[in-house]
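Noted in Swiss-Prot for the protein shown:
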BINDING   Arg11, Ile12, Asn317  NAD(+) binding site
BINDING   Ser153, Cys154, Thr155, Arg199, Thr212, Arg213, Arg235  substrate binding site
ACT_SITE  Cys154  active site, nucleophile
SITE      His181  site 'Activates thiol group during catalysis'
Amino acid sequence: MVNIAINGFGRIGRNVLRALYESGRNNEFNVVAINDIAKPEGIAHLLKYDTAHGRFRFDVALENNTLNVAGDDIALLAISDIKELPWRDLGVDIVLECTGKFDDRASGQAHLDAGAGKVLFSSPGSPDLDNTVIFGTNEDTLTSEQKLVSNGSCTTNCIVPVIQALDAAFGVESGTITTIHASMHDQQVIDAYHEDLRRTRAASQSIIPVDTRLAAGIERILPKFAGKFEAIAVRVPTINVTAMDLSVTLQSKVTIEQVNQALRSAKAGRLQGILDYTEEPLVSVDFNHDPHSCIVDGTQTRVSHKQLVKTLVWCDNEWGFANRMLDTAKVMFDAK
């Protein structure tokens, strides 16, 4: 049993806890504490009721500063200084750092100094962390000495397995990516000030270009592609699920069917449960609550001049990523 604490109980933190129970992994993980400055009543309410993912089907009760989920007691903390967190007293094996605010080595070291065994960040994190893991691609590189680990981003988890599969089958020279991402908490409900002038605009009324570090994230996991990928991103007026438009130049000449067959085959083996494939006429809402990191839409595959290939890949940017947090945390705990 892995003792975990969740630091930051926002979109990812709550989905991690939901995924833990909904997938039956509460026999693998024991959540000993949640740390968030939100009021306990708000924490319990937003765990029970979620606009994107519906009602949580497990019993939730609140008594003083203890959250009870399906009979399991979880301590609720509201401590803003990492150094003051009682991880040592609680016997925390791994902190799931889900604030999005603390993403560097110094923050991770503060968790370790407070008594945590290891830290898994729910963001790309700074380059000086011990490892960045995209589950299904490089989790076998984890060692017991690596205590500060990033789980990458939802978009890196979505696109890297597809690039990996295409490269294994045909060889990939280079590529470009457009991320079509659901709205996020850092956007405005109505026009309001933000340091990014595009994000001053109402999220529900526009398609909004935003900065992305996706290309750098790909290079961190697949260094052979350094300087060979570029990416842009837009946010669209939906609350969940992301589509990724991937275009790659291949080393081999291919047909649409050959590309789709390679991606169909990739859903087995190491990428089973990570990559999925569909040819149904689906739309974004159909992928809500899908636990895969990526779902290839074979109906949208295109080939130009036999070597330029375009694919469309879907993901639930919350639920898929939350499930990968649990996968990576387990491998971190088991690493020898």
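Note that Cβ sites are derived from N, Cα and C of the backbone, with glycine treated the same way.
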Checking the recorded positions Arg11, Ile12, His181 against Ser153 (substrate binding site) with a 10 Å Cα-Cα cut-off, in sequence order, leaves none
Relative to the Cβ position of Arg213 (substrate binding site), how many further Cβ atoms are located within 10 Å? 14
Looking only at Cβ atoms, how many others are within 10 Å of the one on Asn317 (NAD(+) binding site)? 24
For the C-alpha pair, I'd like the distance in angstrom between Arg11 (NAD(+) binding site) and Cys154 (substrate binding site), rounded off. 12
If I restrict to non-local contacts, at least six residues apart, and a C-beta distance under 8 angstroms, what lies near Cys154 (substrate binding site) in its own chain? Thr242, Cys315, Asn317, Glu318, Gly320, Phe321
Which same-chain residues, if any, lie at least 6 apart from Arg199 (substrate binding site) yet have Cβ under 8 Å of it: Asp186, Gln187, Gln188, Ile208, Val210
At the level of the C-alpha atoms, what whole-angstrom distance separates Arg213 (substrate binding site) and His181 (site 'Activates thiol group during catalysis')? 14
Just name the most isolated of the binding-site residues Ser153, Thr155, Thr212, going by other Cβ atoms within 10 Å of its Cβ. Thr212
Let me know how many other Cβ atoms fall within 10 Å of the Cβ of Arg11 (NAD(+) binding site). 22
Taking the centroid of the Cβ atoms of Arg11, Ile12, Asn317 (NAD(+) site), which other same-chain residues have Cβ within 8 Å of it? Gly10, Asn15, Ser122, Cys154, Glu318, Phe321, Ala322
Using a 10 Å radius around its CB, how many other CB atoms surround Arg235 (substrate binding site)? 22
Count of other CB atoms lying within 10 Å of the CB belonging to Ile12 (NAD(+) binding site): 25
Give the distance between the Cα atoms of Thr155 (substrate binding site) and His181 (site 'Activates thiol group during catalysis'), rounded to the nearest whole Å. 9
Greatest inter-residue Cα distance in Å for the substrate-binding set Ser153, Cys154, Thr155, Arg199, Thr212, Arg213, Arg235: 20
